[in-house]
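Undergrad: For reference, Swiss-Prot lists these features for the protein:
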BINDING   Leu121, Gly125, His126, Leu127, Glu246, Ser355, Pro356, Phe357  (6S)-5,6,7,8-tetrahydrofolate binding site
SITE      His229  site 'Plays an important role in substrate specificity'
MOD_RES   Lys230  N6-(pyridoxal phosphate)lysine
Amino acid sequence: MIFDKVNYKEFDKEVWEAIQAEEKRQQNNIELIASENVVSKAVMAAQGSILTNKYAEGYPGRRYYGGTECVDVVESLAIERAKEIFGAKFANVQPHSGSQANCAAYMALIEPGDTVMGMDLAAGGHLTHGASVSFSGQTYNFVAYNVDEETGLLDYDAILKQAKEVQPKLIVAGASAYARTIDFAKFREIADAVGAKLMVDMAHIAGLVAAGLHPNPVPHAHITTTTTHKTLRGPRGGLILTNDEELIKKINSAIFPGIQGGPLEHVIAAKAVSFKEVLDPAFKDYAQKVIENSKAMAEVFLANPNFKVITGGTDNHLFLVDVTKVVENGKVAQHLLDEVNITLNKNSIPYEKLSPFKTSGIRIGSAAITARGFGVEEARKVAQLTIKALENAENEKALEEVRQEVRALTDQFPLYEGL
């Protein structure tokens, strides 16, 4: 067979070397990007399997191509496991991403031009919750709700008042940078009060929901969407859940043939494997440690007057920090920390005064370091090293000390043994 005997390390040296460099980067860097995680070898193996060869438009038992009996088994397993994890009656595991899951949910719930309320991007929302640069803001009439300017917390009374004024057809709950527990039951009350549907995007907290450590939105939302990576620790992809039989029909049609063609069955296999991992009791222990590590890091920042932790702490895997007392902006902080092998992202904070390309804040997440085995002691050390770097931006000696301590930590907790 053509190319079947080719050693790709030699055939495509450029790609091989880039992959090796990325493996080295991940091994030697402390990963604090809240949307990233470290998948298991089993998940990687499933995603790299022979299923990548198979085209399978449609759904299990209802395909447009033949030879789908094996991928039907895999996709059915993924569906059943997702339903079991979140207590949902129906699931679609085909979305290629969380954004596509959200797109399909909108298509199932509303019409172009309808009014929708979504969380303000700077307050912690997501691009697909109505940002003008996103399909969501360009297709629907999104009106943003915000957080309290003093506390940074969701103000449900203010959201209800705004909903009564706006009269949306849909309310979107969920966030990409909100550190506190979200009351989905309260959001449903607000939606019901104005005759709106409720959609929840739980992409960031899905792993915590799965472990029973954050309220489950599925009983309250008409549709719940999520990614399958982040705190779920699976492959990159999307998932849609609902308890409504009529809505799952609309969701399925919106995904295929609406916005996607053939599903990525190798990725769905990886989703199935990761869902089985989530169902294992060990996953709850992992998720609990994710929260403990996040709180431990936040406490270190809270104790330092040079930094402001938005909302005054965290209930989940992430928190935001205003860094403008020590560096010019979040972009500068991100680049500075890159130099000492600590990876995170600049992030807008509520009522942001700087552009989204600079920002006043950084976002810090604990999911990836926890997957590597970091505990509370190491998490505190990571926060201390982050602060040391930010407070010594012009001190090369101090920055080199941080690099060395980062390397000591990453050597102590290998990314993958024998990869």
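Each Cβ is built from the backbone N, Cα and C atoms, and glycine gets one as well.
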Undergrad: These are the binding-site residues: Leu121, Leu127. Which one scores highest on other Cβ atoms within 10 Å?
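TA: The most densely surrounded of these binding-site residues is Leu121.
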Undergrad: For the binding-site residues listed here (Gly125, Pro356), tell me which residue's CB has the most neighbouring CB atoms inside 10 Å.
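TA: Compared across Gly125, Pro356, the most Cβ atoms within 10 Å surround Gly125.
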Undergrad: Hey, how far is Pro356 ((6S)-5,6,7,8-tetrahydrofolate binding site) from Lys230 (N6-(pyridoxal phosphate)lysine), Cα to Cα, in Å?
TA: 22
Undergrad: Using a 10 Å radius around each Cβ and all protein chains in view, which of these recorded positions has the most neighbours: His126, His229, Lys230?
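TA: Counting Cβ neighbours within 10 Å, the top one is Lys230.
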Undergrad: Distance between His229 (site 'Plays an important role in substrate specificity') and His126 ((6S)-5,6,7,8-tetrahydrofolate binding site) at the Cα atoms, whole Å?
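TA: With distance taken Cα to Cα, His126 ((6S)-5,6,7,8-tetrahydrofolate binding site) is 16 Å from His229 (site 'Plays an important role in substrate specificity').
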Undergrad: Could you tell me which three-state DSSP class Leu121 ((6S)-5,6,7,8-tetrahydrofolate binding site) falls into?
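TA: Once the DSSP labels are grouped into three classes, Leu121 ((6S)-5,6,7,8-tetrahydrofolate binding site) ends up as coil.
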Undergrad: From the Cα of Lys230 (N6-(pyridoxal phosphate)lysine) across to the Cα of His126 ((6S)-5,6,7,8-tetrahydrofolate binding site), what is the distance in angstrom?
TA: 14
Undergrad: Are there any residues in the same chain, six or more apart in sequence, whose C-beta is under 8 angstroms from the C-beta of Phe357 ((6S)-5,6,7,8-tetrahydrofolate binding site), and if so which?
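TA: Same-chain residues close to Phe357 ((6S)-5,6,7,8-tetrahydrofolate binding site) (Cβ under 8 Å, separated by 6 or more) are Lys331.
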Undergrad: Whole-number answer please: how many Å between the C-alpha atoms of Lys230 (N6-(pyridoxal phosphate)lysine) and Leu127 ((6S)-5,6,7,8-tetrahydrofolate binding site)?
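TA: One finds 17 Å between the Cα atoms of these residues.
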